[in-house]
Structures are given as C-alpha cells and as structure tokens.
Amino acid sequence: MADAAEPPSTSTSDPNPSASPVSPSSQIHPRREPFEHGLLPIPKLIFPDPTQTLGQLRQKLASQPRVDAAALAEALQISADHARLVLDTLASVLHSESDPLVKAPPGEIDSVGADSRDLVLFLYIQSYKKLLPRTHKDSAAVADVWPSTSAFDGYLSALSPLQLVRSNSRRFMPSQADEEAHQLSYLQKHMGNILSLLAEPVEGEGESEESLVLTMEGLEHLGFLIQVGEKSSEGVSLGQAAPFFANSDPDMPAVPVPAAEVLDWVSQNISSALEAITERISAKENGPSSASDQDVAMADSCNNSGKTAPSSRGTSFIEGISKSSYVKQASDLKGSSVKVLNCHDSVIYILAPLRYATVYGCSDSTIVLGAVGKAVRIEHCERVHVITAAKRVCIANCRECVFFLGVNQRPLMVGDNHKLQVAPYNTFYADLEAHMAEAGIEANINKWDKLLALGVVDPHDSLSHPAGVSDVQAETATRIDPDLFTNFLIPNWFGGESSGMTKDNPFPLPDNYMESRQKNLKSLDEMKQLLRDTPLEDSRKRELSCALHVLFKDWLYASGNIRQLYCLQGD
C-alpha cells in the first residue's frame, strides 16, 4: 500500500459514518513513548525499504505465536545482545499492559518474546527522524545560566553537551506541541505502509492493495503508535473509537474492514489533529504567555514556591530550576511521567512511582528519581548526579556525570559521552519499596555496571555529525571507586506523615562497596568515641564544638549545600 496524501476534510453531512473523524474530545494523538524511549541507534534496524523488508519479516515469523530473542537475532542478522535489547525496549514502550512481554519478569523477556505485529511497527519507526531543536524564546536568559566549555575536548565536538545543543543559534528543545505535530506528520506520511503491515489478504484474492483487510485485532495493534483521547489510561481503544467495529457483537468475531477504508478514517483524523495543533501553536506564539503554557520556564525558587507544569497528556514538567532545592512527591504530580528540563545548580527530589522520566539539559545538579517502572532517559547533561531505581536507563550525550543506579536491565550508553561514572544505588526514603513494588522494579536484580554501549551517532537525530564516525562505539562509563562511594541522605521533610516502611537501601551492595561502607562507618564511630573519650575541660570542649560547627558551616557554604537548608526550612 502506497503512502497516502493528506485527504481533504470531510463535510459533517457526509452520510458515510466511517469517513467521519472522531469528536474533538476523542481526538487522535501520537503515542509519545515509542518516539521518546523506543528509538535505538542500531544501523541494522533501519531499512532502505522498511515496508518490503518488514512485510517479508512478518510473513517469515507468522508461524510463530511469539518472536523470542533467538528468532529475532536470526531473522535480522543481529547479535544476541541487540536482539535482547530490542525486546527489552519494546516491552518498555508497548501500549498494552496485559501483553505477556510487558508482564514478563526481567529475566524472562528474551524467551517470552513479542507479537510479530508489535515488533514490525517498532522496527518501522526506527526510520523516524527527531525534530530539530528550535530557538529559545529568551536566549539571553539561557546564556546567563549554562556553563562554559569543559576543560577537555571530545573528538566529535569541543563544545559541552549543553553548548552543542544550544551552540551559536541558541537552539532549544522543541515544545511538546511541536514534537506532537512532527510525529503526526510522520504517521500521516507513512500510515499507508504501516496499515499494510497490519492488514491481511482476503483468501483467494491475492495480495493486492484492494484485497487487503484489517481485523479489529489488527487495528488494536495500531494503538502502539496512536491513541484516542488525551490519556491512554482513559481506556478508549482504537477498536472502540473506530466506526467500523463500534456496533460489533462482543460474542461474535467482527467482520474485517478494507484497509483502504481504515486508512481514509485514520488519515482524516490525523489531519484534524494536525489542524488543531497548528492553531494551538500559532495562538501560543502570537498571544501572551500564560501560566498554563507547557513551555514556560519556572522561576528560580525553593521547593515551597516552585511549580510543576502539568500537561494534558499526563506528563509533569519541572523546568528551569536554578540554585534551588525542589521536592515533589506522588500527590504533587499530575501524571505518571516527569520531564526535568534545563535545571542548573540545584537539588531536585521526585519521590514518586513513575512510568517514564526524562532528564534533559541539566548541569551541576543532583536529581533523585523515585521508582521508574518503564524507562529513564538522561540526555545532554553536564556534571550531574542522577540517583534512580528503574527498569531501564538510557544515557546519551552526557559529560562528567555520575549515575547511582538500581536498574533491572543493562544501562544503555549512546551518543557522545565523556568522563561518566556509574555506582550502585545509594539512598532510600520511607515509601521507596512501596513505589518500587508499584512500578514493578525488583531489588534483587541490579545491572548498574553491566553497561551496553551503542553508536556515537544517532541516526534518528537530524543534527549533522562529522563523516567517518558512524561506526564508532559510544564511550562507556567507569565504576566509581568503592572508597569514594557514599550514601546519599534524603531528609525526612514529611515527619510522621509517611506510612512507608523502607529503612535502608533496598538494593544489596556489591561486596567491595559494602566493605568500604562498613569501613567508613567504623572510622566515623571511632572518631566519635575518640572525641567522647578525650579528657578535656568544659571550656576546651566548648572550643572544640565551636570549631567543628564553624568548619561544618564553611563546608555548607563552600559546597552550596547551605542553600538546601534555607530552601527546605521554608517548607
């Protein structure tokens, strides 16, 4: 089936119900998760003619109820590691929570395998190119925040990750509306080919475009890429929203529909959605800023005055925090996903169970993410410490960062990384284990140091890269020295309000890190005992106490931690 041109809008008096778009309250949206967390920079997954290649692949795998890692590696001629990565990534972005791949324990994903229809859609969108960054609305303000070039140079660019993104034109991360329009345009262009991969030929009529039909089950798999309504959790499936199967008897199999008819309906709804987004973008660019603008940067503030900007799609944005401490718990968030964007010289605590988390363009900060059940992506960050318990972590284009991980799958390293370190998870808060259970994270599986590095150049990125580096492997990270490993203390701001039972780090530490921790605790106890046992007059004890307090206060100011005390004191 060829790519479809944008169809003309349909009159409201059109007698054909299948050609009518869904109502505005049930508008079609792209599912952002596959585009944000499901793209892998593996050249063998990007095909010159994806329709033909994937059509043949689906036919080849049609006899298998599920496609496991071994079958996938053989079919695509990729390594076993890459085949497992494909299944792990697909599991993290699937639309159906009841799919066996999503429900499988981390160690069984390889053998459980994927539905071939979901797999071909996942492989098809590997041809997607991300939207180019746009110019920031206040480039002068950004210029005052972002740090200077790091002391060492990378071989791709002498600029730091932050400067590479913002460079001479002060480019900036595209808005949510811009990205959604870009994703819809991609789906509109390729929808004919996508539906042909889900369609079935009518028996005895060959495989011409006119004879292809789509079953209700096949249409439901399209839900991997598009959804109806503002939130996928609303439970409105494509099969329920589409007029073709709306009145089907639940006890009888629905009659398949010509694929061309489905294409007309989907294309018209995408056109309507694009029109609405274009109007929204135009109104926002031409009108005054408002508090509801998703892209407005939050003012520098402490945790008691900062605001999380929620989107209508279930994502909370924490943007532009500078020189502050910032705390959010589950009751403060409006959705199951969080994006921490362009924060500088701050400590940010997000103590909640999440599905997805993105940390983008941050510098000189510590960011604690509670329990992330699907995927974390950390990109274009510099001198940042990230502490997270998660199913899956992807690190891209970062420099001089340290990642304290409790992660069930191998951390993925992509892009132009430099001087990164990884360490075991090193903190806890009262509700952590409850949040991990809700997110489906297993504390007895921690692959924090089993790093998997892919390529430096991301073929999905529209930014140009120098020639000759397409086959270069991304720089991986080194393990932090056990003697330098320390626990991170999350203050208990909420006192007795929390009912959580977590009293210690739920992830077991490796032996060498545990030994180092015990040695440090022993040294601390010995120092305390020595101070207690030292025979001093009361006046000398007071002098010693004052000296220790002065030194501690000097450290608080020198390290910037004094700011946390002032910020949190106002909570």
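Along the chain as shown, residues are numbered 1 onward.
Glycine residues also receive a Cβ, built from the backbone N, Cα and C atoms like all the rest.
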Annotated range (TrEMBL: region 'Disordered') out of 281-313, 512-544: 281-313
The domain 'C-CAP/cofactor C-like' (307-441) [mean pLDDT, rounded to integer]: 91
Residue distribution over DSSP helix, strand and coil in the domain 'C-CAP/cofactor C-like' (307-441): 11 helix, 74 strand, 50 coil
